[in-house]
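Features reported for this protein in Swiss-Prot:
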ACT_SITE  ARG172  active site
ACT_SITE  SER221  active site, proton donor
ACT_SITE  GLU291  active site
COMPBIAS  208-224  compositional bias 'Polar residues'
DOMAIN    27-192  domain 'FAD-binding PCMH-type'
REGION    206-225  region 'Disordered'
Amino acid sequence: MSATATLPAVRGKLTPQAPLAPLVWFKSGGAADWLFEPKDVDDLADFLRDLDPAIPVMALGLGSNLIVRDGGFPGVVVRLGKAFAKVEPIDATTLRCGGGASGILVSSTARDAGIAGMEFLRSIPGTVGGFVRMNGGAYGGEVKDILVDCDVVLRSGERKTLALADLGYTYRHSELPEGAVVVGATFRGRPGASAAIQAEMDRISASREASQPLRSRTGGSTFKNPAGHKAWQLVDAAGCRGLMVGGAQVSEKHTNFLINTGDATSADIEALGEEVRRRVKDKSGIELQWEIQRVGKAE
């Protein structure tokens with residue numbers, strides 16, 4: 001797809017050859033052919049309906065769980081802005097959340113409304129759209145535990161509300177169709193005291209700060225935990241703590257995190273991940289699966 005291709009008219013913002021490195025946590029990777037920031041759901045649905053179906057579409061949240069390859073993304077990247085970031089209680093235990101709302105906003109709104117069970121979202125560095133797509137989870141909670149339903153715009157531009165059962169959730173995976181964009185979700189918790197909810201959020205924050213390289217350029221958890229194992233322990237046992245490829249390094253603080261030490265390319269980061277997978281397979285016989293999404297084309 002060329003940046004001169006004719007795209008449907010929009011009311012939001014459409015940027016050709018948009019650099020993606022500033023928008024992802026690793027701060028590496030190439031440009032998107034187009035970056036689309038829709039004004040509202042109608043704008044998004046109309047655009048996808050009229051867009052050539054051969055053009056790939058990818059939703060981008062906070063860019064935390066993502067490697068964008070150095071050749072960029074050959075298609076349209078959709079980024080939901082403030083119009084999609086609202087969170088509001090709809091009853092004593094239920095929140096209605098926009099697809100662009102952060103986990104921090106959802107969990108703090110739940111706290112203020114006295115809704116427990118969503119504290120774990122405080123620790124997920126992403127948006128509702130991202131963690132609904134991948135059944136995000138941490139600290140004993142997963143999206144499947146709180147999701148009632150979600151609103152999506154399919155690649156065809158059709159709008160649909162999908163119930164929890166429609167998503168086919170497994171560990172860090174859903175059956176959400178390719179090119180679909182999650183524009184909203186309904187989460188249900190349980191009644192709780194705001195002070196106790198805040199205390200649990202504080203505990204989670206302190207645990208993350210102590211154990212994860214939060215101030216580094218990282219993508220979050222790199223590999224899924226295999227059944228009965230912790231990925232970080234397998235990586236450590238294979239001698240990969242501190243291992244480097246180019247400017248990419250396995251974190252000394254938490255071995256299931258890769259970090260960009262300053263000048264890493266996405267190729268460095270992905271190659272490091274593959275080298276870790278190879279060493280773990282050689283050491284333990286276990287084949288680690290990527291949790292981080294890798295998209296786009298190599299340079």
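Keep in mind that glycine also has a Cβ here, set from the backbone N, Cα and C atoms.
Known features from Swiss-Prot, placed on the structure.
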residue	record	DSSP (3 states)
ARG172	active site	coil
SER221	active site, proton donor	coil
GLU291	active site	coil
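Using a Cβ-Cβ cut-off under 8 Å and counting only residues 6 or more beyond its ends in the same chain, the region 'Disordered' (206-225) has close neighbours at 24-28, 64-67, 123, 125, 139, 171-172, 231, 235, 251, 253-254, 256-261, 264, 269, 273, 276-277, 288-292. Looking at the domain 'FAD-binding PCMH-type' (27-192) alone, the prediction's average pLDDT is 97. Sequence-distant contacts of GLU291 (active site), defined by Cβ-Cβ distance under 8 angstroms and a gap of at least six in the same chain, are ASN65, ARG172, GLY220, SER221, THR222, PHE223, LYS224.
SER221 (active site, proton donor) is surrounded by 21 other CB atoms, counting those within 10 A of its CB over all protein chains shown.
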